[in-house]
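Remarks on the structure that follows.
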Amino acid sequence: MILTAKIRLQPTPYQYTTLLETLENANAVCNYASEQAWEHRIFRQYPLHHLVYRDARERFSLGAQVVVRAIGKVADAYKLDRRAKRTFAPRGAFPYDNKNLSFKTDERTVSIWTLEGRQYMPYLCGERQNELLEGKRGEADLCCINGEFYLFVACEVGTPEPEDVDDFLGVDLGIVNIASDSDGEVFSGEQVEETRRKFAHRRRNLQRNGTRASKRKLRNIRHKQSRYQTDVNHRISKAIVQKAKRTGRGIALEILKGITRRVRVSRKQRARLHNWSFGQLASFVQYKAKLAGMPVMFVDPKYTSQTCSVCGHIDKRNRPDQSTFSCVSCGFSASADTNAAVNIAVRAVVNQPNGLFAQGSVA
């Protein structure tokens with residue numbers, strides 16, 4: 001399994017300038033290679049390498065390995081889309097590998113190739129990130145974010161075989177409550193909604209100004225909100241996986257494809273629906289469960305919100321309002337989200353031999 005370690009470099013002023021020049025030159029090679037690829041309609045890496053490598057080495061003061069990586073970056077970009085010429089920002093992320101990047105994790109220092117040769121500098125990261133760096137490393141991206149240099153390093157980690165389970169912890173994703181499990185535990189979205197409204201209010205005020213400074217602040221708000229949502233999804237997914245591990249159960253989630261079309265909400269709640277990344281939350285549950293050795297199954301959510309988890313009766317009238325479930329057949333009453341989560345768990349148990357396990361698509 002591949003995880004990404006994020007580390008912040010601490011260059012001297014001289015090294016900072018050198019890194020900046022290196023990044024800008026590397027992306028200049030990418031733009032040159034992209035122009036040639038577009039002009040000659042050559043997009044695959046091997047023929048593109050033969051087309052531009054020699055000229056790129058002569059035009060730019062970069063090492064052979066950096067030029068090779070630049071050509072690879074261009075070829076990868078055209079794999080995604082060949083309908084338009086690809087361009088690369090001067091300070092866009094650039095890939096490094098073990099030939100031009102190395103670490104001393106005990107000293108927390110990195111050796112990185114630059115225009116001025118190898119530069120040695122300290123880095124900052126958490127203990128977990130440093131542990132990842134001690135294992136098998138793959139490609140790393142050098143990025144300049146808000147004036148700081150970071151390395152995003154792909155690290156390979158071992159994962160245990162999924163445990164054999166007889167029961168599942170069902171999880172229902174929603175609007176008022178971000179997630180509810182089949183044990184009745186609820187991860188409320190009230191604080192999230194309050195934070196979203198604050199961000200929306202600040203955005204409206206800044207959009208009225210239209211100045212360059214306000215546009216910069218708008219970008220900062222967008223990034224801040226994204227980081228907040230990611231943090232919340234991390235905390236919720238961690239709690240779900242820990243409970244499943246502790247109780248010896250697998251995790252059952254609903255198939256998320258079409259969730260924004262499937263979920264019916266009022267006009268006031270539309271912003272909440274479209275501003276939350278359910279796919280990210282599900283992917284976090286998947287990878288954390290994989291690390292913990294717990295199976296994850298995705299089930300069809302059809303009628304889970306209308307089905308009584310006690311008697312199995314399906315009826316629209318079982319939902320008198322959004323938050324309440326009250327069976328018109330047997331009289332069972334419960335939180336609508338918890339009832340749906342129980343139904344999701346039951347479907348996972350029933351369908352387990354032919355279920356959609358975690359290696360399937362989330363979207």
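Backbone N, Cα and C atoms are what each Cβ position is placed from, and that goes for glycine too.
According to TrEMBL:
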type	residues	note
DOMAIN	154-247	domain 'Probable transposase IS891/IS1136/IS1341'
DOMAIN	278-344	domain 'Cas12f1-like TNB'
Predicted model, mean pLDDT over the domain 'Cas12f1-like TNB' (278-344): 93
Within the domain 'Probable transposase IS891/IS1136/IS1341' (154-247), residues counted as helix, strand or coil by DSSP: 56 helix, 17 strand, 21 coil
